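Undergrad: Okay, here's the structure, questions in a sec.
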Amino acid sequence: MGLNRGEENTKIKYTWVLLSLLVGTVLLLGLLTAFNSLSWETQVDFVASPNSALYLPPTSALHLPLQLSRHLRTKRYTLTPGLQKWDHNNLTYRIVSFPRNLINESDTRKGIAEAFRMWSEVTAFHFKEVAADQKSDLKIGWYGINHTDCLESYIHYCFDGTTGELAHAYFPKTGEIHFDDSEYWILGNTRFSWKKGVWLTDLVHVAAHEIGHSLGLMHSLNSGALMHINATLTGKKLITQDDIWGIYSLYGCKDKYLVCASWAQKGYCESRRMPMKKYCPYSCDFCYEFPFPTKVPTPIPPRTKVRLVPEGRNVTFTCGKKIMHKKGKV
């Protein structure tokens with residue numbers, strides 16, 4: 001039985017709707033596949049300043065393939081989009097609350113002080129703890145899952161209980177560092193406690209990473225850096241040259257002591273290179289050494305003749321049949 005004009009139009013309309021849904025589904029699957037090929041960190045441990053326009057994780061939160069990241073010849077550290085930073089080097093901090101699991105108040109203070117000392121040794125910053133009721137540049141505390149305004153804020157994340165997100169920090173000049181009070185904090189290497197059935201987390205390691213965010217650094221692409229997105233998993237606990245270059249790029253390269261210029265004139269830059277590089281980078285011109293080794297020259301392929309041309313350069317040309325390489329085993 002034939003269709004009338006109205007029925008034909010209805011059939012055409014439904015056909016176009018089905019085709020549109022099919023095309024949309026294919027595009028969505030393609031996007032999901034592309035995103036799944038990239039590895040995102042399961043927790044974001046930095047928080048944008050409430051006054052900033054940063055609402056999404058930065059591109060530095062994406063992991064590049066290992067083969068690609070090894071050959072990048074660009075900077076690995078990452079700064080905030082607005083280059084948020086402090087306008088002074090003498091920063092004060094106060095601890096407004098302490099963890100309730102394992103570690104006591106005294107050891108907590110020692111751990112936080114050690115994390116600040118790590119940064120003060122390699123930068124021009126000086127940190128001093130003040131009483132909890134005094135005004136300070138940085139405010140540190142341990143909080144539960146629902147803390148401050150995390151439920152109402154798009155840029156301030158709530159904690160997730162034991163394991164998962166450990167801490168997060170605000171960029172300058174908000175100056176807050178929040179630790180998850182559900183975690184079990186210790187002074188020492190992060191490890192799993194079979195007796196308690198929980199992970200014991202190194203306070204100094206996590207605090208040093210979060211302080212980096214509070215100074216204005218985002219996550220680094222350098223897998224060996226303290227500011228790498230997975231530093232707590234890789235166990236990288238020391239401030240590396242990549243982290244230092246990030247601070248130099250944001251605040252400038254500065255000497256730690258006023259006597260650095262005098263030491264440099266006495267030849268200490270060469271005779272005492274390591275401590276001078278650490279404390280007097282500006283006077284010794286150690287600020288911006290190229291951070292990555294020169295790419296290793298490609299070896300001459302087999303069955304290749306080499307001849308010397310008048311200009312003194314080596315040129316090559318291949319002789320013989322093409323060598324077929326065997327496929328590797330999976």
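Note that Cβ sites are derived from N, Cα and C of the backbone, with glycine treated the same way.
Relevant sequence annotations retrieved from TrEMBL are reproduced here:
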ACT_SITE  E210  active site
BINDING   D137  Ca(2+) 2 binding site
BINDING   D160, G161, D180, E183  Ca(2+) 3 binding site
BINDING   D181, E183  Ca(2+) 1 binding site
DISULFID  C253-C287  disulfide bond
DOMAIN    253-287  domain 'ShKT'
TRANSMEM  12-35  transmembrane segment
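Describe the structural surroundings of these features, if you would.
TA: Sequence-distant contacts of D137 (Ca(2+) 2 binding site), defined as residues of its own chain at least six apart whose C-beta falls under 8 angstroms from its C-beta, comprise W86, L91, T92, Y93, K173, G175.
For E183 (Ca(2+) 3 binding site), the Cβ neighbour count at a 10 Å cut-off comes to 25, with all displayed protein chains included.
Under DSSP, C287 (disulfide bond) is assigned to coil, being neither helix nor strand in the three-state scheme.
Using a Cβ-Cβ cut-off under 8 Å and counting only residues 6 or more beyond its ends in the same chain, the domain 'ShKT' (253-287) has close neighbours at 121-124.
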Undergrad: What number of additional C-beta atoms lies within 10 angstroms of the C-beta atom of C287 (disulfide bond)?
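TA: C287 (disulfide bond): 16 neighbouring Cβ atoms within 10 Å.
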Undergrad: Return the residue, from the listed recorded positions D160, D180, D181, E210, with the maximum count of other C-beta atoms within 10 angstroms of its C-beta.
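TA: Result for the most crowded candidate: D180.
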Undergrad: Within the chain of G161 (Ca(2+) 3 binding site), which residues six or more apart in sequence place their C-beta under 8 angstroms from its C-beta?
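TA: Correct list: I145, D180, S182.
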